[in-house]
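These features come from Swiss-Prot:
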- 1-25: signal peptide (SIGNAL)
- 132: N-linked glycosylation site (CARBOHYD)
- 169: N-linked glycosylation site (CARBOHYD)
- 204: active site (ACT_SITE)
- 268: N-linked glycosylation site (CARBOHYD)
- 282-305: disulfide bond (DISULFID)
- 289-298: disulfide bond (DISULFID)
- 332-338: disulfide bond (DISULFID)
- 410: active site (ACT_SITE)
- 413, 485: substrate binding site (BINDING)
- 451: N-linked glycosylation site (CARBOHYD)
- 484: active site (ACT_SITE)
């Protein structure tokens, strides 16, 4: 989210590489092991080594409910890829762990820990208001799916790299590591999930992470059919930063018009006029950056758009300025991410109780929810300036279902920009999707028990090839009265949305 902050200068948030993606499952404790597996025990961890890639191994241990009352089996550990070490936290489904799907969650940034998504949004437990414990989350996504949370890329959260080794600096490199992680996770550690449907979810810079990881999975499955196959079925992208150009374009509509929850425009006529005048030049230089993604060119384009459009709001998006780019109707409560829950979470994950349970290695000195080093590394490349359009198009053409869901109060990765970007994706369903109007969708609210309108949506189901045996779904779903983190703002609606999607149900 810090990237969000700077980026929302805007470029940064956009590109979220899709790349963490582990699958999960297992119910035995200890984990079951067959004779063909290479497994050792060390300092309380079981260590599984890949038969396909000997330099890859996973350290894993089972957790009880002392640090997170998950209502199901849970495991933590690290994937070791030579000098790189990725931390994960895995929860079996509370419903049917044998048959329910696997869902990976990736928080964005770049540089933000997926523990934010776990302990603030969709995990089975949430950090309490004091930052000294957790409470059960009745709307956690593990009620219907096994959930895997990974701190990625290396250098984020509890993940770390050996001294002297570089950290990944773009979405593709991150996706390569995550794909290997998934292969080892489902083939060696939890082989009973090898054939389970797999979904990739996340938010913000996840708009890059998710498509990149999804594309890596599809390509590697085709190239190496004899290696473990990750059974990717769909991607769920929440307020994704997909394209810097489109996100910036959406600033005017988000700040200068109204929508449910916004009774009058946030900006006055003077500021809206300034943005409108500067928009053509910003779009021109952004297009130059897109076609020539050299870091110097794109940084120059970013400066133009920041000065004339995004900076008019973003420079005031902190505690002092009072504005909140993640929810334009509420004030910023804490610098960097604007939400105090992030600080509570960070405090909790640094307690002795948690460290005794997780057993981080000596290389991990403390937990931080944001990594300046990873943010800086990505910022030196053109990764955040290049939209994830090609990866999304590739996934759709390979029959991977995609849902983009949007909290309408978000500015950082706004609804207006992402809807325009979605219409511009060149694929077989483009014409039909663009021609459709958004229609209301309903959800039964926990507060009233009534089936009420909660947003708008549209969807197409397209047979992408003549030989396709099923239609590929692409859905755009909005949620009113929610900002950048829909599951935090409207947990019951977000759970309903996720459950309908992975079970193949419609929204209207």
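Here the Cβ of each residue, glycine as well, is placed from N, Cα and C on the backbone.
Features per Swiss-Prot, on structure.
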residue	record	Cβ neighbours (10 Å)
132	N-linked glycosylation site	12
169	N-linked glycosylation site	18
204	active site	34
268	N-linked glycosylation site	11
289	disulfide bond	26
305	disulfide bond	27
338	disulfide bond	25
410	active site	29
413	substrate binding site	36
451	N-linked glycosylation site	10
For the recorded positions 282, 298, 332, 485, the one whose C-beta sees the most other C-beta atoms within 10 angstroms: 485
Secondary structure of residue 132 (N-linked glycosylation site) (DSSP, helix/strand/coil): coil
Residue 451 (N-linked glycosylation site) to residue 485 (substrate binding site) - Cα separation in whole Å: 22
Residue from 132, 204, 484, 485 whose C-alpha is spatially nearest that of residue 268 (N-linked glycosylation site), among the recorded positions: 484
Three-class DSSP secondary structure - residue 485 (substrate binding site): coil
Those recorded positions, out of 169, 282, 298, 305, 332, 485, that come within 10 angstroms of residue 410 (active site) at the Cα: 485
For residue 305 (disulfide bond): DSSP state (helix, strand, coil): helix
Euclidean distance between Cα atoms of residue 169 (N-linked glycosylation site) and residue 305 (disulfide bond), Å: 23
Cβ-Cβ neighbours of residue 484 (active site) (radius 10 Å): 29
Mapped DSSP class for residue 282 (disulfide bond), helix or strand or coil: helix
Secondary-structure category, per DSSP, in which residue 332 (disulfide bond) falls: coil
Of 132, 282, 289, 298, 338, i.e. the recorded positions, those within 10 Å of residue 485 (substrate binding site) when Cα atoms are compared: none
Of the recorded positions listed as 169, 282, 332, 413, 484, the one whose CA lies nearest the CA of residue 132 (N-linked glycosylation site): 332
Of the recorded positions listed as 204, 332, 484, the one whose CA lies nearest the CA of residue 289 (disulfide bond): 204
